[in-house]
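Enquirer: Structure provided below as structure tokens; questions to follow.
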Amino acid sequence: MQFSIIAISFLASLAMASPAKRGGGGGGSGSGSGSGSGSGSGGGSTTYTACSSTLYSEAQCCATDVLGVADLDCETVPETPTSASSFESICATSGRDAKCCTIPLLGQALLCQDPVGL
């Protein structure tokens with residue numbers, strides 16, 4: 001029992017220590033000067049990454065949340081979310097909450113957190 005408490009505490013501290021990655025979109029324009037001129041634009045698109053943490057890397061739809069840490073009866077997200085609101089609505093169709101979890105074991109995602117943007 002003490003080992004599991006220590007293990008969960010250790011994993012939780014790792015999760016808090018890892019920085020969240022946030023994607024940035026590219027954009028810009030340019031013009032040339034001198035004898036010639038030119039223009040350009042960078043139309044980069046921002047890809048939504050719901051679970052950017054190394055530890056909490058699994059996007060899951062979970063039915064039961066225990067104290068905001070452990071989640072039970074989780075399923076893999078059936079489609080790729082394009083935003084935080086789409087992730088939330090995908091899970092809501094089955095009456096579940098959008099979560100980012102550690103690798104689940106037998107449907108029990110023991111450590112979970114809210115995805116980026118929620």
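Residue numbers in this text run from 1 along the chain shown.
From the backbone N, Cα and C atoms, a Cβ is placed for every residue, glycine too.
What you see is a predicted model, and the numbers here were worked out from it, not measured in a lab.
This is the feature table in Swiss-Prot:
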type	residues	note
COMPBIAS	22-45	compositional bias 'Gly residues'
DISULFID	CYS51-CYS100	disulfide bond
DISULFID	CYS61-CYS91	disulfide bond
DISULFID	CYS62-CYS74	disulfide bond
DISULFID	CYS101-CYS112	disulfide bond
REGION	20-46	region 'Disordered'
REGION	29-42	region '7 X 2 AA tandem repeats of S-G'
SIGNAL	1-22	signal peptide
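Can you tell me where each of these features sits in the structure?
Expert: A simple way to gauge crowding: the CB of CYS51 (disulfide bond) has 23 other CB atoms within 10 angstroms, across all the protein chains here. Look at CYS51 (disulfide bond): DSSP puts it in coil.
Mapped onto three states, the DSSP output places CYS61 (disulfide bond) in strand. The C-beta environment of CYS61 (disulfide bond), restricted to residues of the same chain at least 6 apart in sequence and closer than 8 Å, consists of CYS74, GLU75, THR76, VAL77, PRO78, ILE90, CYS91, SER94, ARG96, ASP97, ALA98, LYS99.
Note on CYS74 (disulfide bond): other Cβ atoms within 10 Å of its Cβ, all shown chains, come to 24.
DSSP assigns CYS101 (disulfide bond) to a strand.
Averaged across the region '7 X 2 AA tandem repeats of S-G' (29-42), pLDDT for the predicted model comes to 54.
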Enquirer: Select one residue from CYS62, CYS101, CYS112: among these disulfide-bonded residues, choose the one with the most other Cβ atoms within 10 Å of its Cβ.
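Expert: When each Cβ's neighbours within 10 Å are tallied, CYS112 tops the list.
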Enquirer: Tell me the coarse DSSP state (helix, strand, coil) of CYS91 (disulfide bond).
Expert: helix
